[in-house]
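Student: My structure is below; once you've seen it, I'll send some questions.
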């Protein structure tokens, strides 16, 4: 009874029973090239199909690299992977020489991969395909296909988890103030976020002390760490770690905590300059006004003298005329 | 007594200390208009710190602009009744206080009050009196002097924008607001430069001010710059205001006011919507930003060169026609805009519109001075800038509402 329920239950099938099930399914299905992409020259062997059946709820990723005999630099392709997927890597090699003389190998990092890859030749192009499933972080890395003729041609597929872009410039804040550190992942959704603080070389996880730190995760692809009541020791490097199914990624933010005296120095310098300039300008104005007054007064005295003289001469003329009238 | 009047009242010097007044007004334009435009650089910081969206933070800029223009008549009244120097220094202190208090803000509402209302009020007390002062010191070279003085907003924006960005990176927005408050305190220096001048046409004795109460119909112009104005204002405030705002009844001024209203209504949406329009016809982001930069730089060139041009002998007596030409060219550019659907056509549009917009800004005080004369220039400018306020506030949202293909939210 328990064995039967174990067989029928989908949670924990034993490997042998699973293989039996797959064999039964394989015989029931007609062998065809339906699984392969329309333009692929390969027909899928039964074993491939069964493995795909097992992981059919994973997405399928297709990646191609083209090489020729004249490629001088190794060709690399960077692939960002966030969750477990079925992978199909195809390398094609075009040469004018004999295709049968070309030796094809696949390597993961520097480890040679046995079987599991297919080789096919069409016209003057050699195709090789490697299908596998990535389920954990150990399976991430670089997968390379090698074509050995006189010269070795190499194509590499680099699998990485999505990178977090930290800020290049440090975040400035003040003692007693609060600040918000943000980490965002562009087109990915991590399973988990954690924050670390390092002052020096040791990384310390940021605990959620109620008064000090508040972690806010409104959207799944970003995390915000709010730090209240900043102190000088709170400055330093902050790391936000995003956990994916296939590994971890880190982002870095630099926080600098300044005291209030820092911006006060340029401020007081400017205030001193303003006070000085205003004093100089107003003193200059008073000085010029005084000078003007002096010159006005002195001009006035000088102006009065000729007027007096004019008046005196005017009266002299009047008297003279009166005198002449009296005489006549 | 008559002797004192003869030596004190002069004709506009057209030079000498007048150039210091132009320098002061240039600095005032930098500290008010350019700093207002640079406040938008702080918005990203405010959005992150206060976790608010763009619309909430953009209110700060609207409040500053609106209060500066709406309270422009208040600035004229204060400088008329105290003195230009005291008015501008008071404005500088208020604006600086607004920035300093804003650097200690704990919520966006605090910023609305400090950075918005207080700073806007301070700027209003400085802006129109400084421009009026230039008009008093220049007669023949008025347009050139105004051209140089008004170019401060363009040149100031050009210089201050990267400086403000650097301050934010070094000191965060709080420190940057504090230092910007210190910079705005330089308005007090500008205020100290504004030496009062009594012009021949407005030398008035206290007896004449007394006469105003009984024979107000006979007097055409009364000087509000007399030192006894304070106690006179206390006894006859209403008479004083009637004299000061007499120009409101002049038909020429009414026509100018209506023209300014329509011009401000039409001009302001362009600066808000040029970039979204360019993006909608297929121009890339960098090229759209380049269009705005061209607009800004050509604006400065338009300020100075058009001022110099209208001071040439041939155009000296035709300021009205130059003003009409500038406004007409701006309108013509607008009419052509729907036909311009690619970058090579939008670049000449930016150049032309920017040049004549700068020309318009230079000619506004010149034309106002010609209509109302130098005595009432301060109050008249206050009214003219007040008329700018409401269209600046109202027309961008209306333009956004009536044209469905343009995005209403123009974050770019």
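We count from 1, first residue shown onward.
Using N, Cα and C of the backbone, Cβ positions are placed for all residues, glycine too.
The feature domain 'Major facilitator superfamily (MFS) profile' is assigned by TrEMBL to B:17-412. As annotated by TrEMBL, transmembrane segment applies to B:21-46, B:58-79, B:86-105, B:111-132, B:144-168, B:174-194, B:253-276, B:288-309, B:321-340, B:360-387.
Can you tell me where each of these features sits in the structure?
Tutor: Tertiary proximity for the transmembrane segment (B:58-79) is limited to same-chain residues at least six positions away from its ends with a CB under 8 Å from its CB atoms, namely 32, 36, 39-40, 43, 46, 86-88, 90-91, 108, 111-112, 115-117, 119-121, 123-129, 132, 244, 378-379, 381-383, 385-386, 388-390, 392-393.
For the transmembrane segment (B:86-105), same-chain residues at least 6 beyond its ends with a Cβ under 8 Å from one of its own Cβ atoms are 28, 31-32, 75, 78-79, 111, 114-115, 117-126, 129-130, 173-175, 177-178, 180-182, 184-188, 190-192, 194.
For the transmembrane segment (B:111-132), the residues of the chain that approach it from at least six positions outside its boundaries are 24-25, 28-29, 31-33, 36, 39, 46, 59-60, 63-76, 78-79, 84, 87-88, 90-99, 101-102, 105, 146, 149-150, 177, 184, 187, 190-191, 194, 365, 377-378, 381-382, 385, judged by C-beta separation under 8 angstroms.
Through the fold, the transmembrane segment (B:144-168) approaches residues 18, 22, 25-31, 33-35, 37-38, 41-42, 45, 130-131, 134-135, 137-138, 175-176, 179-180, 296-297, 299-300, 303-308, 311, 358, 361-363, 365-366 of its own chain, all at least 6 residues removed from its boundaries and within a Cβ separation under 8 Å.
Outside the transmembrane segment (B:174-194), and at least 6 residues removed from its termini, the chain residues within Cβ reach (under 8 Å) are 20-21, 23-25, 27-28, 31-32, 35, 38, 42, 84-93, 95-100, 102-104, 115, 119, 122, 126, 129-130, 133, 164, 167-168.
Counting only same-chain residues 6+ beyond the ends of the transmembrane segment (B:253-276), those with a CB under 8 A from a CB of the stretch are 247, 288-289, 291-292, 295, 327, 330-331, 334, 350, 353, 357, 360, 364, 367-368, 371-372, 380, 383-384, 387-388, 391-392, 394-396, 399-400, 406-407, 410, 412.
Tertiary neighbourhood of the transmembrane segment (B:360-387): same-chain residues 12, 69-70, 72-77, 79-80, 84, 127-129, 131-132, 134-136, 142-143, 146-147, 150, 153, 199, 201-202, 221-224, 244-248, 250, 252-253, 256-257, 260-261, 263-264, 267, 299, 302-303, 306-307, 310, 319-320, 322-323, 326-327, 330, selected by CB-CB distance under 8 Å and a gap of 6+ residues from either end.
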Student: Near the transmembrane segment (B:321-340), which residues from the same chain, at least 6 beyond its ends, have a CB less than 8 A from one of its CBs?
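Tutor: Tertiary neighbours of the transmembrane segment (B:321-340) are 259, 263, 266-267, 270, 277, 281, 306, 309-310, 315, 346, 349, 352-353, 356-357, 359-360, 363-364, 366-367.
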Student: Give residue numbers and ranges for long-range contacts of the transmembrane segment (B:288-309): same chain, 6 or more residues beyond its ends, CB-CB under 8 A.
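Tutor: For the transmembrane segment (B:288-309), the nonlocal Cβ contacts are 143-148, 150-151, 154-155, 157-158, 271, 274-275, 278-279, 315, 322, 326, 343, 346-347, 350-351, 353-359, 361-363, 412.
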